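Here is the structure we will look at, set down as structure tokens.
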Amino acid sequence: MVSKELEKALIEQLNKEYHSAYIYLGMSAYCSKEGFNGSSNWFLIQYQEEVAHGMKMFKYLEDQDVDINLPPIQGVKVDYNSLLDVFKKSLAHEQKMTKNLNILSDLAMKDKDHATYNLLQWYVTEQVEEEATVKAIIDHIKLVGDNGYGLYTIDKELGSRTFTDPTTK
Ligand code: OFO
């Protein structure tokens, strides 16, 4: 059984997953507007991944018989300065999510709630992969600087990303 304190924190996390999805939808819109169609695709896949993360949490809360309430999802500003800026903001967001998940893991550990702790470790591991992927993209963008052909090549590569449900691995 999940403690009331942890229940509340998990519902907040569920909300944050959908908020993340919303952030990535906005990033996709920004990239599309700027003509970075490959990056727009990349962020759309990221959006889908966040929805899958939310669904995994939702299913867990249902399995644990938690009374689920769904607070509103905070709006997002679609306001970025460049391709580098949008990926840097994505990384900063993921780092914030990792912090949240670590706090949640501490809470589950304090409660000796092994099932929830296990679930959260899946998210923590997922964060490592997400941060590393975005860091690599940032490095590539920095490498080419303002070189149009370089940016075009990176964008093209990002366009090849396809969706695989992360919760099935
Ligand atoms: Fe849900 O992992 Fe990113 O935010």
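Cβ coordinates come from backbone N, Cα and C, glycine included.
As recorded in TrEMBL:
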- E17, E50, H53, E94, Q127: Fe cation binding site (BINDING)
- 1-145: domain 'Ferritin-like diiron' (DOMAIN)
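Within 10 Å of the C-beta atom of E50 (Fe cation binding site) sit 23 other C-beta atoms, taking all shown protein chains into account. Residues belonging to the domain 'Ferritin-like diiron' (1-145) score a mean pLDDT of 97 in the model. In sequence order, K16, S20, E49, M97, Y123, E126, E130 are the same-chain residues whose CB sits within 8 A of the CB centroid of E17, E50, H53, E94, Q127, the residues recorded for Fe cation being left out. Note: the domain 'Ferritin-like diiron' (1-145) comprises 116 helix, 0 strand, 29 coil (DSSP; helix = H, G, I, strand = E, B). Sequence-distant neighbours of E94 (Fe cation binding site): residues of the same chain at least 6 apart with a C-beta under 8 Å from its C-beta are Q127, E130, E131, V134.
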